[in-house]
Structure formats: C-alpha cells, structure tokens
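Okay, structure first, notes after.
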Amino acid sequence: MWLLLVLLQAAVLPAQPCEAPGEAAAAAVRVLSARLLGLAADPARDPDPSVYLALRLADDHDPRGEERYLARLHDAFQHRYGRSLQAAGWPHAAPHGHPQRDAAAAEHGTSAEAEWPETGRLALYLLGLRAACPPPEPGPQRSLVTWLKYYLEEDWAGSRQHGHPLTSYYQYGLGVLALCVHRKRVREEVIRRLLVAEQHGRFGHAGGSAVDTEAVAALAFTCLERERSVGARLAAELRAAARGVRRRMVEAQGQDGFFGNVYSTPWAMQVFIATKACRTQPAYGRAMAALLRNLDAFATAATMAQALPALHGRSYLDIASMHCREEADTLTAIGPEPPPKLPGNVTVRLVVECPELRCPQRRLYDQPVPVPAGASLLDVLRVAAAQGPPDFMFDTQETPQGPFLSRVLGLEARQQKRSYWQLLSAPSTSLQMGVADYRPRDGESLILRLSRW
Ligand code: B12
C-alpha cells in the first residue's frame with residue numbers, strides 16, 4: 001500500500017531536474033563556477049574549504065587548479081592538526097589556539113577566545129579531503145577526526161554552561177555531518193544534542209533566520225540515517241526530524257521563492273536534494289527559479305561556494321559517494337570584474353547604537369557621511385573615521401565571508417557574550433550582506449547596533 005502511494009505520487013507529480021534546468025541556466029551556472037575558480041586562483045585570499053567543495057561538486061573541472069587549491073588548504077590546516085591531540089596535551093590541556101587569532105587576541109586581551117573550538121572550519125576541511133581526487137591516505141586524517149570529535153565535546157561543554165554550543169549549532173551540525181560523511185561512528189549522545197535542539201526550535205537567533213542551521217542539521221540527520229550507523233529507533237527519529245525541517249521550509253517559503261533569504265536558500269535546497277525530494281517538490285522548483293533570477297547576489301567566493309552545489313543539483317552528502325573518474329579539463333577561470341564606477345557622490349547617515357547598560361547613552365554617533373556613488377559600507381566607515389570630529393573608529397576581522405565588523409568606537413563585540421555589531425538599514429531592516437559588499441543608496445540611514453544573537 002505504502003509503495004503504491006509513493007509510486008502514485010511519483011506518477012502524478014511532474015518530475016523536475018534537481019540541477020538548474022535548461023541550457024541557458026546551465027550556462028549561467030558554469031559562468032558562476034568559472035568566477036569562483038578565478039577567485040580561488042588569487043593567492044592573496046586565504047584558502048577556504050567551502051570553495052574547494054563547490055569546485056569538486058561541479059560538473060566542469062580544472063583538475064590542476066583544484067589540486068593547487070587543495071595543496072594550499074593542506075598548508076593552512078595540516079601543520080595545525082597534523083599532530084595528535086595527545087601530543088598537544090589532550091585531554092588535560094586545551095589545544096593551542098589559532099596562530100592568527102592568538103596574535104589578535106593577545107593584542108586585544110581576549111586570550112579566552114583563542115581557545116575556542118574550530119568545529120566548523122575543521123569539519124569543512126575534512127569534507128574537502130573526502131571530496132579530493134584521488135582521496136588522500138587515511139592515516140593522517142585520523143588525527144583530524146580525533147580533533148573534530150574533541151571540538152564537538154568542547155563545544156558541548158559550552159552548551160551545558162550556556163545553553164548552546166560555544167561556536168553555534170551551525171558549526172556543531174557541520175561537525176556531525178563531516179564525521180558521518182567520513183563514515184566515522186558518532187556517539188548517540190552527540191547526535192541527540194543536535195536532535196533535541198532541532199525538536200525544541202533552538203536554532204534561531206535574534207537578528208538572524210534559522211534556515212541555514214536547520215538545513216545543516218537536516219543534512220547531518222539524513223546522512224546518519226542513510227549510513228545505517230544508528231539503531232532503528234534513532235533512525236526513525238532522524239528521518240522524522242529531516243522531514244519536519246523540509247515541511248517547515250515549504251510552509252515558510254516566501255512569495256519570492258526563497259527559503260529564508262537568497263543566501264540560505266541553496267542550503268535549504270541541499271536538504272531536498274539529499275532527501276531525494278528535489279524532483280517532486282514544487283517548492284524546490286520555485287526556489288531554483290528564484291536563485292536563477294538572482295545569481296548576481298552571489299558575488300563573493302563564500303556566497304558562490306554555498307550556492308553552487310545546489311545549482312548543480314548536488315548536496316554535501318554526495319561527497320560520501322564521489323567517484324574519481326578521469327575528470328576532463330573543461331573549466332576556465334574568469335577573473336573578477338571591478339565594481340562599476342558610478343558618477344557623483346551620495347550622502348549616507350551613519351548611526352551607532354548601543355542598547356547596553358555599559359554605554360553612557362543609546363545613540364553614540366549620528367553623522368552624515370559623503371562618499372562617491374557606488375561606495376561600500378566599508379568605504380563609508382573609512383570616510384567617517386577620516387572626517388571627525390566627532391571621532392569615529394572601527395575594526396574588522398578577516399573571515400572567509402569577508403571583513404567582519406568587530407569593534408566600533410572602542411566597543412568590542414564579544415563572542416563569549418554572543419554580542420555582535422549588527423548592520424541595519426533604518427528603521428529596522430537587518431542587512432543581508434557584510435560591510436565590504438553592501439552599497440548604500442543616497443540618503444539611506446545605516447545603523448551599527450551592538451546586538452545579542
Ligand atoms: C552564525 C552566523 C552569524 C553569527 C556569527 C558568530 C559566531 N560566533 O558564530 C553572527 C550572529 C554574529 C552573524 C552576524 C552576521 N551575519 Co551571519 N551567519 C552565521 C551563519 C548562520 C553561520 C556562520 C558559520 O559559523 N560558518 C561556519 C564557519 C566555519 O565558517 P566561517 O566563515 O569561519 O564563519 C565565521 C564568519 O562567517 C563570521 N560571520 C558570520 N556571519 C557573517 C557575515 C559576514 C558578512 C561576515 C563578513 C562574516 C560573518 O562568523 C563565523 C563564525 O566565526 C551563516 C550562515 C551561512 N550560510 O554561512 C550566516 C551568514 C554568513 N551571515 C550573514 C549575515 C548577512 C550576517 C550579518 C551581516 C547580519 C547583519 N545584518 O548584521 C552579521 C555580520 C555583521 C558584522 N559585524 O560584520 C549572511 C552573509 C550573506 C553574505 N552576503 O555574505 C549569512 C550567509 C546568513 C544568510 N543566510 O544571510 N552571523
């Protein structure tokens with residue numbers, strides 16, 4: 001009866017492709033892959049495992065370019081995680097911090113931050129290794145897997161204390177997903193922590209949507225269930241949780257076709273791909289159409305890297321079954337285009353708000369800032385810093401997503417306190433881009449607000 005229903009549904013609903021449909025769309029997606037390859041070739045940018053994953057999950061390849069990128073990733077990660085945890089003093093000592101972050105932390109007196117787990121980055125690197133062709137020897141990967149298991153525990157120690165992982169459920173979910181894709185046993189307790197958080201709706205945070213995190217968790221659940229590495233009862237719970245995530249995404253799909261926003265939509269689409277609902281679920285087709293209408297939104301390496309797997313109809317679960325066939329050299333890099341030069345100037349109002357008790361007043365800064373048309377918010381901040389009085393100061397930290405605004409007027413957003421400098425367009429629209437990518441309109445008021453997440 002059940003089988004009959006499934007067959008009937010498949011026969012009634014028109015099948016749609018999981019990848020971008022039609023030749024024109026496929027060509028546009030190939031151009032996006034070629035742009036990403038162009039950005040990957042720039043040695044000035046730190047290598048990012050998500051970029052490598054997107055190149056590996058594409059239809060077209062530049063095998064030598066991908067090899068070079070993998071070598072850069074090894075350079076960045078292996079020296080740090082190549083040694084065993086025991087050699088690093090575990091379980092009695094925390095692993096050493098990130099070299100760059102340590103230096104920054106020492107400078108700003110935030111040494112505690114340097115010891116925080118790097119669950120997400122290590123998980124993405126391990127996923128990248130699994131996607132490499134040919135796959136590297138498993139030996140050196142063993143210590144990486146041990147480090148990842150250690151980080152998941154460290155993260156959770158934070159959760160017991162604070163009610164959430166030290167990093168985020170997004171990174172915790174990536175950690176579980178990476179272990180599963182590597183076919184490593186994941187302790188039931190580790191899985192249950194994520195499952196319970198999903199069941200209690202703990203993925204959302206103030207000022208941000210939960211879609212990206214829900215999607216990562218649902219991918220991890222689907223992987224665990226598929227690998228048959230858990231008992232029948234837990235498998236049924238994981239299947240139900242992934243189904244629940246998918247149902248909520250369909251229900252919450254916007255008129256614009258997005259699940260959440262344009263940037264979370266590709267992650268959500270990966271869930272439909274991984275659970276094989278992409279061919280039959282009309283919401284998936286609408287989301288694909290919406291992405292294809294908005295490909296221009298994916299202008300940075302990080303956003304392109306997150307969009308491309310879904311545009312190719314692939315999910316991170318496909319990494320587990322990648323075959324290393326001879327891959328033809330069919331992708332040629334396209335160099336980055338400089339932003340168009342616009343004539344004239346615009347004036348933007350820059351406001352800094354601190355709704356916290358430690359601040360003497362809520363509004364700390366409110367000034368017009370003239371900048372050339374087409375300038376980014378980062379340009380606005382630089383002009384404001386140069387123009388004074390009143391004085392304006394800010395700091396950014398480099399991340400794979402671009403510069404992250406970390407300090408304004410001497411006030412630092414603190415990871416431990418889950419505070420951050422939120423970017424808003426007045427009166428209350430949270431920006432969907434960072435300071436380097438957002439280009440304000442003439443007369444727009446932009447608010448930098450110290451917020452909690
Ligand atoms: C968790 C999260 C946050 C947390 C990060 C803190 C933490 N300790 O984890 C908080 C709440 C602080 C945050 C803030 C913002 N975020 Co955010 N964030 C995420 C999320 C869900 C996961 C990031 C992550 O952990 N990645 C895994 C790790 C391994 O990768 P990573 O690159 O090292 O991650 C670090 C950086 O990405 C950085 N970060 C997080 N968000 C952003 C956004 C920007 C623009 C930059 C430069 C850096 C950055 O914090 C991460 C943890 O250290 C992603 C979802 C996604 N699809 O990527 C959105 C996401 C990256 N964020 C986004 C946005 C828009 C923002 C904000 C600009 C929102 C706003 N209006 O203020 C701010 C950044 C403002 C600033 N001060 O510069 C967008 C970026 C889209 C784009 N065009 O690039 C995403 C994709 C969400 C979405 N679907 O729209 N974010």
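Yeah, the Cβs are placed from backbone N, Cα and C, and that goes for glycine too.
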To which of Leu179, Leu411, Leu431 does TrEMBL also attribute binding of cyanocob(III)alamin at the site defined by Thr167, Ser168, Tyr169, Tyr170, Gln171, Asp212, Asn261, Gln306, Trp421, Gln422, Leu423, Trp453? Leu431
So if I take the recorded positions (Tyr169, Cys180, Cys223) and measure from each Cβ to the nearest atom of ligand 1, which come out below 6 Å? none
Same-chain residues six or more away whose CB lies under 8 A from the CB of Tyr169 (cyanocob(III)alamin binding site)? Leu194, Ala197, Arg202, Phe203, Thr213, Ala217
Just the number: how many Å between the Cα atoms of Trp421 (cyanocob(III)alamin binding site) and Cys180 (disulfide bond)? 34
If you count the other Cβ atoms within 10 Å of each Cβ, which of the binding-site residues Gln171, Asn261 comes out on top? Gln171
Quick one: Cα separation, Cys180 (disulfide bond) versus Gln171 (cyanocob(III)alamin binding site), in Å? 14
